[in-house]
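As recorded in TrEMBL:
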{"type": "REGION", "residues": "1-32", "note": "region 'Disordered'"}
{"type": "DOMAIN", "residues": "52-119", "note": "domain 'RNA polymerase sigma-70 region 2'"}
{"type": "REGION", "residues": "118-140", "note": "region 'Disordered'"}
{"type": "COMPBIAS", "residues": "118-127", "note": "compositional bias 'Basic and acidic residues'"}
{"type": "DOMAIN", "residues": "154-205", "note": "domain 'RNA polymerase sigma factor 70 region 4 type 2'"}
{"type": "REGION", "residues": "210-230", "note": "region 'Disordered'"}
Amino acid sequence: MVGADAQGGRNRREPPPSRSAAVGSPRPPGDVTDVELVRGVAAGSSSALADLYDRWGKRAYSLARRVCADEGLAEDVVQEAFVAVWRDPGRFDAERGSFGTWLLTLVHHKAVDAVRRESAARRRGERVEDDPATGQSVAPGADQAAIDAVAAGQVRDALAQLSGPQRQALALAYYGGYTQSEVALMTGVAVGTVKSRMFTGLRRLRDLLGPSLDDPAGNADDVQDARGSW
């Protein structure tokens, strides 16, 4: 396991240190790659993790903030993501894509999960009402929640049928808020390639989902709910 503790390394259950607390070798030059820094993290280098945070922390927070309404929750999401990198850097596979794309996907998943946990906590706090027709206790909005869950499942199934590059381009552009040029830079392809992937991905989604994709009150929100599975 690449993420296993190196002999004499830090306890992976401890949170990663801040930049000011990082010790060890001096900051590497700018030409040191993310992959090399991840290897440093795997070897127990807290300064390597701090360098990754310096490179990606702002973009990670920007993405988390777009998903989370609360600033504190967004900060927690970013912290959780970098703790995950510290504890198990072997989760990142350089052969499957860039570190930046992998990290932002991880941040996005954690942000969606955090929002869902917050929403679930609020729903549990709502007053339970009695259905006058059956006399049974039901939570407000239970029927709509069931409908939304089915719709989100349909979108999730459709997204799973897209190619990996198509899903990646759509996620970064539409839900990460990045421009096509930024997506191209992050994924290492030409802007024209990004445009092509987004166009073919959206066309494929439209074919799979049919008229419901055009419903302004329908699947647009469901795509955002389903994106946590990306």
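Note that Cβ sites are derived from N, Cα and C of the backbone, with glycine treated the same way.
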Give the mean pLDDT for the domain 'RNA polymerase sigma factor 70 region 4 type 2' (154-205) on the 0 to 100 scale. 81
Summary of DSSP states over the domain 'RNA polymerase sigma factor 70 region 4 type 2' (154-205), given as helix, strand and coil counts: 42 helix, 0 strand, 10 coil
